[in-house]
Amino acid sequence: MLAVRNMKFGIFLLWWGWVLAAESTVHWPGREVHEPSKKGSRPQRQRRGAHDDAHKQGSPILKRSSDITKSPLTKSEQLLRIDDHDFSMRPGFGGPAIPVGVDVQVESLDSISEVDMDFTMTLYLRHYWKDERLSFPSTNNLSMTFDGRLVKKIWVPDMFFVHSKRSFIHDTTTDNVMLRVQPDGKVLYSLRVTVTAMCNMDFSRFPLDTQTCSLEIESYAYTEDDLMLYWKKGNDSLKTDERISLSQFLIQEFHTTTKLAFYSSTGWYNRLYINFTLRRHIFFFLLQTYFPATLMVMLSWVSFWIDRRAVPARVPLGITTVLTMSTIITGVNASMPRVSYIKAVDIYLWVSFVFVFLSVLEYAAVNYLTTVQERKERKLREKISCTCGLPQPRGVMLDSSYSDGEVNDLGGYMPENGEKPDRMMVQLTLASERGSPQRKSQRGSYVSMRINTHAIDKYSRIIFPAAYILFNLIYWSIFS
């Protein structure tokens, strides 16, 4: 029994000695031993520093793992063998032209500017082609979709918009670019673009005009020998949003065409056209231009019903209508380009201006003839000597252009109601008629002299409206 106990105690001492020996040779992570009284403390620190240096020099325990966000792109590039090919050359270089199909979905037609002669359109532009260099093995025949980062590493068609003034690819929240690759190498390249392009407009029938604009797509570097550009599904390649509308235009039609463009320095290129026809809404211009002009012409006719002696009433009315017509013409031309030909709206406005101006000239003629009439009447009164009691009277008929003073001079006749009559008969007897046999043979006869300049206003009340109505019938039958 005692021997067994001694053996157990010996085993325990051996185990304890082995533990102490292990603690003196093994460094425990995160544990620091401070024994300044011992001489072996400095070598221990040196060994610890050497141990840390070993970790700093590339110990696999502290090696940082690669960025997992970049690993799918790297695997995709390896799967597509991006580094094994030269993508600066087009697919099938040296062979026939590579066919590139295009389809477009118009998202919005933002604005049409007559002054700048351009339009702004936002669209989805999609390209279709086959590049066998991008083919990859796939058991489920699924395509791979990428963003714009891969576009910079492979070959894509170098399309541009002919006659464009400004264009950009949308980048909210990221670049609106998508690349989809099929296992057999077929590629779909789609991007969202806003472009402002030129549109040659003809304003000879403005605002009753119809405009046709085109957005032209073409390869910048590759001629028809290298790249064959075509609409993938014909007219069905162009899709539009049904909600597209413009404030001043009605979109009548969208259609596609394909033509060849020739450049003397480089050759022939395939060019795709997106054509759309716009018809202008006339109601806005009826309210803003035609109706005010017609109203001013009709207002100028009011002067024909005003007494020709009322100069303060007729003159300001004529001047006001002329100035208003000038303002309307100036306002219309300010919103239009300075073209060298006459527009339909110019014809209407200038003819209306002529009618207004003629109404002013009409009153000038009436006023002048009235003044001449008064001068003749004054001379006539001076030649006639008024002698009471002469048996043979001669009648002089005057119209309403006489004044109150003239009535007193001609005998003091005035109706009971106090109003001036349109005509009055003044009985005058010449002294030389009493003893003349020739005058006696003419007793009882009267000579009437009628001077009536008011007839010009009466004729103008009919001629001016009739002529303006005839002009409107001809104008709207031609331009509508």
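Even glycines carry a Cβ here, placed using N, Cα and C.
Note that the coordinates shown come from a computational prediction; the quantities given were computed from them, not determined experimentally.
Here is what Swiss-Prot records for this protein:
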| type | residues | note |
| --- | --- | --- |
| TOPO_DOM | 22-281 | topological domain 'Extracellular' |
| REGION | 31-67 | region 'Disordered' |
| COMPBIAS | 39-48 | compositional bias 'Basic residues' |
| BINDING | R126, S190, E218 | 4-aminobutanoate binding site |
| CARBOHYD | N141 | N-linked glycosylation site |
| DISULFID | C199-C213 | disulfide bond |
| CARBOHYD | N235 | N-linked glycosylation site |
| CARBOHYD | N275 | N-linked glycosylation site |
| TRANSMEM | 282-302 | transmembrane segment |
| TRANSMEM | 315-335 | transmembrane segment |
| TOPO_DOM | 336-346 | topological domain 'Extracellular' |
| TRANSMEM | 347-367 | transmembrane segment |
| TRANSMEM | 459-479 | transmembrane segment |
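Shown on the structure are the features that Swiss-Prot records.
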residue : record                        : DSSP class
R126    : 4-aminobutanoate binding site : strand
N141    : N-linked glycosylation site   : coil
S190    : 4-aminobutanoate binding site : strand
C199    : disulfide bond                : coil
C213    : disulfide bond                : strand
E218    : 4-aminobutanoate binding site : strand
N235    : N-linked glycosylation site   : helix
N275    : N-linked glycosylation site   : strand
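Summed and averaged per residue, pLDDT over the topological domain 'Extracellular' (22-281) gives 81. Comparing Cα positions, E218 (4-aminobutanoate binding site) lies closest to N275 out of the recorded positions N141, C199, N235, N275. Around the Cβ of N141 (N-linked glycosylation site), the number of neighbouring Cβ atoms within 10 Å comes to 8. A straight line from the CA of N141 (N-linked glycosylation site) to the CA of S190 (4-aminobutanoate binding site) spans 21 Å. Same-chain residues lying 6 or more positions outside the topological domain 'Extracellular' (336-346) and placing a CB less than 8 Å from one of its CB atoms are 114-115, 117, 203-209, 285, 289, 329, 479. Neighbours of C213 (disulfide bond), defined as other CB atoms within 10 A of its CB across all chains, total 20. Straight-line distance linking the Cα atoms of N235 (N-linked glycosylation site) and N275 (N-linked glycosylation site), rounded to a whole number, equals 11 Å. Checked against C213 (disulfide bond), the recorded positions R126, S190, N275 differ in C-alpha distance, with N275 being the nearest. Taking the Cα of N275 (N-linked glycosylation site) as the reference point, the closest of the recorded positions R126, S190, C199 is C199.
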